Amino acid sequence: MKVAIAICRNIWYSEALSEMNTQILVSILGLAILAALSSGAKAAEPELAVEVSELLKAMEHAPQPQERECRWFWGACKSDSDCCRYLGCKRKWPNICLWSPWG
């Protein structure tokens with residue numbers, strides 16, 4: 001163990017390698033900081049998902065899929081009236097709602 005420490009000390013203090021060693025040390029410390037920050041963010045991620053889902057459930061006027069009066073972009077349709085404003089029903093197969101200059 002003492003030999004390994006002595007070798008590391010000799011490499012670290014050599015003048016030719018001191019600048020490179022500093023850069024390597026800074027890089028390793030930077031990666032360690034990024035790893036710590038990302039692990040903290042991953043730990044908080046499930047809490048955020050729960051909070052967002054609770055907020056959506058608490059909204060009284062949350063949009064529900066069955067309340068839609070029109071079909072959105074790429075939705076299946078039979079006529080232009082099925083599609084939302086500025087969308088028109090494509091005349092050929094597949095019949096889907098697309099952007100329409102006349103809609």
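Backbone N, Cα and C atoms are what each Cβ position is placed from, and that goes for glycine too.
If you look up Swiss-Prot, you'll see 1-43 marked as signal peptide.
Annotation comment: Swiss-Prot describes Cys70-Cys84 (among others) as disulfide bond, evidence class similarity to another entry. A 10 Å cutoff on Cβ-Cβ distances gives Cys70 (disulfide bond) a total of 13 other Cβ atoms nearby, all chains included.
Under the DSSP three-state reduction, Cys89 (disulfide bond) is assigned to strand. Sequence annotations record features per position, and here Swiss-Prot assigns disulfide bond to Cys77-Cys89 (among others) based on similarity to another entry.
Annotated disulfide bond per Swiss-Prot: Cys83-Cys97 (among others), in sequence order, evidence recorded as similarity to another entry. The number of other CB atoms found within 10 A of the CB of Cys97 (disulfide bond), across every protein chain shown, is 23.
Under the DSSP three-state reduction, Cys70 (disulfide bond) is assigned to coil, being neither helix nor strand. A straight line from the CA of Cys97 (disulfide bond) to the CA of Cys84 (disulfide bond) spans 8 Å. Cβ packing within 10 Å was compared across the disulfide-bonded residues Cys77, Cys83, Cys84, Cys89, and the lowest neighbour count falls to Cys84.
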